[in-house]
Amino acid sequence: MTKNSTECSPANQTGLERVLRSPAIAGLVLLVSMLVAFFWVNSPFADSYEAIHHAPAAISIGSFELAKPLILWINEGLMIVFFFLIGLEIKREVFEGQLSSPKQIALPAFAALGGMLVPAAIFLAFNNGSEEYVRGWAVPAATDIVLALALLAMLGSRVPIALKVFLTALAIFDDFGTLVIIALAYSEGLSLPSLLMAALGTLALIVLNRLRVASLTAYVLVGVFVWVSVLESGVHSTLAGVIIAWCIPMRVSGREFLHKIEHDLSPWVALLIVPLFAFFNAGIDLGGVDFETFFGPLGLGIILGLFVGKQVGVMLGVGLAVVLRIGARPIEVSWGHLYGAALLSGVGFTMSLFVAGLAFEQPGAVLTVNLAVVVGSVLSATGGLVVLARSYQTSPSLANAPD
């Protein structure tokens, strides 16, 4: 183990660092952010929330100016950092971690694939006849990696470590699939000149990588250029975060480089960026929700997609991998554990809200979809925690383990 990776290990963290990096704390901050937004927008002070939501903000450099409402800076600017971190995690896992061998990949990969296809199929079964609503097919296919892992962390030693590894890998595959969907399904009006500029920026990042440049500033400056080019190209800007991440070298001069960036960035993303996104997107004004639509095909397609589709799809994927003998269930992980994890994968929250914002433009439809995402996610979270708690009670090896 290199010096930097040792410094980043939990054993070398202070008590405060361990708290700040705790998935449970990240989940709590995220939950509080959503609740504050929800109660604020349904209070007599709702106008002040809307004022913050749509406050104008601009970046000016000489004659160049990029002006957008604050909500778009959060969704298209700060969230790039979130997807950049996901890109770093995927690259690290592919080269050195849980996704570095075919046997390790198969089980969570099949689970993630099933967990995306079945929810999408359920949504389309309800909404295939509606040209307006059919764009939302990817909303129930997403998983909130931060909240799902935070819920699992709440159970501590009551769940085996192998289950945490499985859910992490599943969520990484799920996020990768969501990124591909966003790039292919929600990109419009492509601009060839901007795409060429983005390609040139990416080439510059690759050159920096091959030269093993150790200056993070260099990657940031070129990365901003790539982000602006992608933003102007018509391809959704989230793709820029992953492109930049994959151009970061694993090591420079024998020292950890990618892992250190990931380590330093994680608490900022978990405790600031994701909660900010949740705060700006979870303000659901119940007075503006069309409950006829909520209890109709649109709302039910999302709720059932998240709560039913995710668990069915993940378990079908796991079962298929095991039957085909290309993946194996870890010895210490029971089928009950896997079912609980399958339920937790239905916690869509921030990722589903993000996709919903891309799929729908009408405020009424967005509010209805967001409420359906919250309901489906709460049902999945509750079901997952109950199943995992019962699995702990019926697992002698875990029940006798110290908390």
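Note: Cβ is positioned from N, Cα and C throughout, glycine not excepted.
Pulled from Swiss-Prot, these are the features on record:
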- 25-45: transmembrane segment (TRANSMEM)
- 70-90: transmembrane segment (TRANSMEM)
- 105-125: transmembrane segment (TRANSMEM)
- 136-156: transmembrane segment (TRANSMEM)
- 165-185: transmembrane segment (TRANSMEM)
- 188-208: transmembrane segment (TRANSMEM)
- 213-233: transmembrane segment (TRANSMEM)
- 234-254: transmembrane segment (TRANSMEM)
- 269-289: transmembrane segment (TRANSMEM)
- 302-322: transmembrane segment (TRANSMEM)
- 340-360: transmembrane segment (TRANSMEM)
- 369-389: transmembrane segment (TRANSMEM)
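Tertiary proximity for the transmembrane segment (70-90) is limited to same-chain residues at least six positions away from its ends with a CB under 8 Å from its CB atoms, namely 52-57, 99, 145, 172, 175-176, 179, 223, 227, 231, 237-246, 248, 258, 261-262, 265-266, 268-269, 273-274, 276-277, 280-281, 354, 357.
Remark: the transmembrane segment (25-45) contacts the transmembrane segment (269-289), by the rule of 3 or more CB pairs under 8 A. Sequence-distant contacts of the transmembrane segment (165-185), counting only residues of its own chain at least 6 positions beyond either end whose CB sits under 8 Å from a CB of the stretch, comprise 83, 86, 89-90, 93, 98-99, 104-105, 107-109, 111-113, 115-116, 135, 138, 141-143, 145, 148-149, 152, 235-236, 238-239, 242, 314, 330, 333, 338, 341, 344-345, 351, 355, 358. Of the recorded ranges 105-125, 136-156, 234-254, 269-289, the transmembrane segment (302-322) has the largest number of C-beta contacts under 8 angstroms with 105-125.
The listed stretches are 105-125, 136-156, 234-254, 269-289, 340-360; of these, 234-254 has the most Cβ pairs under 8 Å to the transmembrane segment (188-208). Same-chain residues lying 6+ beyond the ends of the transmembrane segment (269-289) with a Cβ under 8 Å from its Cβ atoms: 20-21, 23, 25-26, 29-30, 32-34, 36-38, 40-42, 46, 49, 53, 70-71, 74-75, 78-79, 81-82, 85, 146, 349-350, 353-354, 357, 363-364, 367-368, 370-371, 374. Nonlocal intrachain contacts for the transmembrane segment (340-360), taken as residues 6+ away from its ends with a CB within less than 8 angstroms of a stretch CB, comprise 30, 34, 75, 79, 111, 115, 119, 135-136, 138-148, 151-152, 159, 163, 166-167, 170-171, 174-175, 178, 181-182, 186, 236, 274, 277-278, 281-282, 302, 306-307, 309-311, 314-315, 318, 366, 369-370, 373-374, 376-377, 379-381, 383-385, 387-388, 391.
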